[in-house]
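Let me begin by presenting the structure, written as structure tokens, before commenting on it.
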Amino acid sequence: MKSSTSLKVRLPALVLVLEIVIIALYAVFVTYDDDSNAKLQNNQTNPMDNALYRDYPYFADVQVMIFIGFGCLLAFFRFYGFSGMVFNFLTATFAIQWAILMQGFFQFYYDGKIHLGVINLLNAEFACAVVLISFGAVLGKTSPVQLLIMALLEILIFAVTEWAVLKYIRINDAGGTILIHLFACYFGLGVSFVLYRPNLNNGHTKEMTSYHSDILSVMGTLFLWIFWPSFNSALTFKGDDQHRAILHTFIGLSSSTITAFALSALFNKRGKITMADIQNVTLAGGVTVGASVDMMISPVAAYVLGVMGCTACFLGYKYMTPFLAKQMRIQDQCGIHNLHGLTGLISSVAGICAILLATEETYGPSMYQIFSHRAPPEGDPKLLELQKLIPGLKAGLGRTARDQALFQLAAVVTTIAASALGGVFTGLIMKLQFLASPSDEDCFDDELFFDVPSDFASIASATQLSDGKLKL
């Protein structure tokens, strides 16, 4: 017997509770930061010194990635376009609201308040990206109620993990390889492991794309591709660090794109290009350069990383995804392990190598800005010398290159463990019967949760009739 999937009470009730909690927390804890507080701004203040003009362009770019890039990319199923795009919209909007609070308590809380500025919104969007990547693992098999619960718990676990890694392990991760891509990937796989559906291992009648859905999805890819340099460079030091981050990201994306076309044609039995490869594999270079994106790795290294990431991602879709589903009970619907997990691991190794090879001869004194934890500690005479060359340089921990590399490795292990365990826990909560989980038969179907246009039924019937004839 099927359990009810009606949203009539479930969704309004959950949204009401969430809004009451958010309103209460915002009322008690959230205030303006210095750049948005009228009391601290006056006619003597140069408005162009306001952080808005530094941070808003990156915020706007990441907004496009979150709502248009991810939204279109997830609309690739023929009968699940409404759900892929609209559930992305719903989940992202809530995740950003919630992340402002959760990250705020750990990063922007002082004098009893969370101080809100555009930088908070930018950080919250990165946390939102974590949720949307994880969403890809269970696309088509969850209700909007389940997705809101996933966002609620994942943002909390992510905020705690991010705080612990940055405060106690202290790493270099400008492009978010460890704390965004690896966390999101293994959290999503943890959820998928718990929500495993054995009856769907051999596919579903509506698990298909169409000409128009593939075009819409590749539009999402293009939006992500265009704005990925902003994603990777948004939180780097302004100036040459940010400049390198943009250069490396573009070079890595470019090399992974042409490699994806070549591999797609090479491995296709008829020597043709597969749209699924273009929608996903072309983006691999943006992830692979992430951990070392602001370092002096050289343009050729960025190019090679793009090729390596693309190749690993492509082979992962071809061989790893079926293996995970059949042997490990993990149905990775959008292949997030390939685009974010495998590439994230390659990127982490590349970042560790870049740290081990970093010298003052290559970086000059600015090495201690980029690798801030390698700066001399307070009281070290060398710190005073460096501060004469770089005014405002803060004391570091005096780590060696080897020390920092080991801490990077520790962060990778810690993040994967925390995210996987958090994903399993979240999956157990999402599995509760009253959260409107669709049956196996109703997966990948917009009609379950949406009022669909009149032509939807005729298209679905024609498709099922065609499938029946093919089977006969």
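Glycine residues also receive a Cβ, built from the backbone N, Cα and C atoms like all the rest.
Pulled from TrEMBL, these are the features on record:
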DOMAIN    23-433  domain 'Ammonium transporter AmtB-like'
TRANSMEM  12-32  transmembrane segment
TRANSMEM  58-80  transmembrane segment
TRANSMEM  86-106  transmembrane segment
TRANSMEM  118-139  transmembrane segment
TRANSMEM  145-166  transmembrane segment
TRANSMEM  178-196  transmembrane segment
TRANSMEM  216-235  transmembrane segment
TRANSMEM  247-267  transmembrane segment
TRANSMEM  300-317  transmembrane segment
TRANSMEM  338-358  transmembrane segment
TRANSMEM  405-429  transmembrane segment
- Item | Close approaches to the transmembrane segment (12-32) from elsewhere in its chain (Cβ under 8 angstroms; 6 or more beyond its ends) | 94, 97-98, 100-101, 104-105, 109, 112-117, 145, 148-149, 152
- So, does the transmembrane segment (247-267) come close enough to the transmembrane segment (145-166) to give 3+ Cβ pairs below 8 Å, pairs being at least 6 apart in sequence? no
- So, does the transmembrane segment (300-317) come close enough to the transmembrane segment (118-139) to give 3+ Cβ pairs below 8 Å, pairs being at least 6 apart in sequence? no
- Task: Report, as numbers and ranges, every residue of the chain located at least six residues beyond the transmembrane segment (338-358) whose Cβ falls under 8 Å of a Cβ in that stretch; write 'none' if there are none.
- Result: 133, 172-173, 175, 177-178, 181-182, 184-186, 189, 280-281, 283-284, 287-292, 295-297, 301, 305, 308-309, 312-314, 316-317, 320-321, 332, 367, 370-371, 401-402, 404-405, 408-409, 412
- Item | Candidate ranges 58-80, 86-106, 405-429 - greatest C-beta contact count to the transmembrane segment (216-235) (under 8 angstroms) | 58-80
- Item | Intrachain neighbours beyond the transmembrane segment (86-106), with Cβ under 8 angstroms and 6 or more residues off its ends | 18, 22, 25-26, 29-30, 66-67, 70-71, 74, 114, 116, 120-121, 123-125, 127-128, 131-132, 135, 144, 147-148, 150-152, 155-156, 158-160, 162-163, 450
- Item | the transmembrane segment (247-267) vs the transmembrane segment (300-317): 3 or more CB pairs under 8 Å | yes
- Query: Looking only at residues six or more beyond either end of the transmembrane segment (178-196), which have a C-beta under 8 A from one in the stretch?
  - Reply: 126, 129-138, 141-142, 150, 154, 157-158, 161-162, 165-166, 171, 287, 290-291, 324, 328-333, 336-337, 340-341, 343-345, 347-348, 408, 411-412, 415-416, 418-428, 430-431, 437
